[in-house]
Amino acid sequence: MLKNLFRKTKYITVSQKNIENYKRENTPTIPDGMWVKCNKCGEILYQNDLEKNYMVCNLCGNHFRIGVKERIKYLFDKDTFKEWDYKIKTENPLDFKGYDEKIEHIKEKTNLSEAVTTGKCKIAGMEVVVCIMDSKFMMGSMGSVVGEKITRAIERAIGLRLPVIIFTASGGARMQEGILSLMQMAKVSSALAKLDEEGLLYICVLTDPTTGGVTASFAMLGDIILAEPDALIGFAGKRVIEQTINEKLPEDFQKSEFLLEHGFIDKIVPRSDLRKVLAKLINMHQNSF
């Protein structure tokens, strides 16, 4: 009996490689991109359901940032969008180090030519000129090409006697182009002044984020200014302002709800209602075109 008590215990050696193989074989395979975490409430959302709901969380109403393709799909009549000026090439006028390489990398990554896409389309059968900014392209920053494309679109709208809708999503002027990027603020604003003189409608839809030079120029010049819920809209950053004035700002400062309350915008429109609201506004102003 004592002999059996001190006998060496038998065991099986399992290598780390065998454990990894077991885990790999017994772990369910889930394709990438099927599930998305809401950055507001933390809920895990099924990608297909999220897309059907206009990229809006069905629990907390958080509006995910969307790009050009999604806006065209959700808002405009099918197969009516005709893009303009997509061949305009971004230059490096200041020979800013690494700028050319960065632009080419972002072009490949996003499949976009620049931070704004312009063109003509139809909403509920009515023709409009649209400019759609995309924050995925260098945070939607406004450089020479962005200003030129928006200006050309406005000038064409004047010639065609069509209303203009601009969807803003930008971090402001593009620092790599220096004063040339800041000049676009005046350039686009001047084109919008001509549009106004012609009695044509300009609707601006502010989306998250709309900041810097874009906010300080054409984003706030709309005849009608709409915004998506909970969108960040401002000029300088909240912390910069707090440090400058030595005061604590409200929690919802620079949010679309705060701007509506203080009279800076006309209406907050959920993404699911935006097509209907835009169609109604354009239809109301048809006689002025």
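The chain as shown is numbered from 1 upward.
Backbone N, Cα and C atoms are what each Cβ position is placed from, and that goes for glycine too.
The Zn(2+) binding site annotation in Swiss-Prot covers Cys38, Cys41, Cys57, Cys60 and rests on sequence analysis. In the three-state DSSP classification, Cys57 (Zn(2+) binding site) falls within coil. Taking Cβ-Cβ distances under 8 Å and a sequence gap of 6 or more within the same chain, the neighbours of Cys57 (Zn(2+) binding site) are Cys38, Lys40, Cys41, Glu43, Leu45, Leu50, Phe64.
Residues annotated as domain 'CoA carboxyltransferase N-terminal' in Swiss-Prot: 34-289.
Residues or ranges marked as zinc finger in Swiss-Prot (evidence: sequence analysis): 38-60. Mean model confidence of the zinc finger (38-60) amounts to 95 (pLDDT, 0 to 100 scale).
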Greatest C-beta neighbour count within 10 angstroms, which of the binding-site residues Cys38, Cys41, Cys60: Cys38
Zn(2+) site shell beyond Cys38, Cys41, Cys57, Cys60, criterion: Cβ within 8 Å of Cβ centroid: Asn39, Lys40, Gly42, Glu43, Leu45, Leu59, Gly61, Asn62
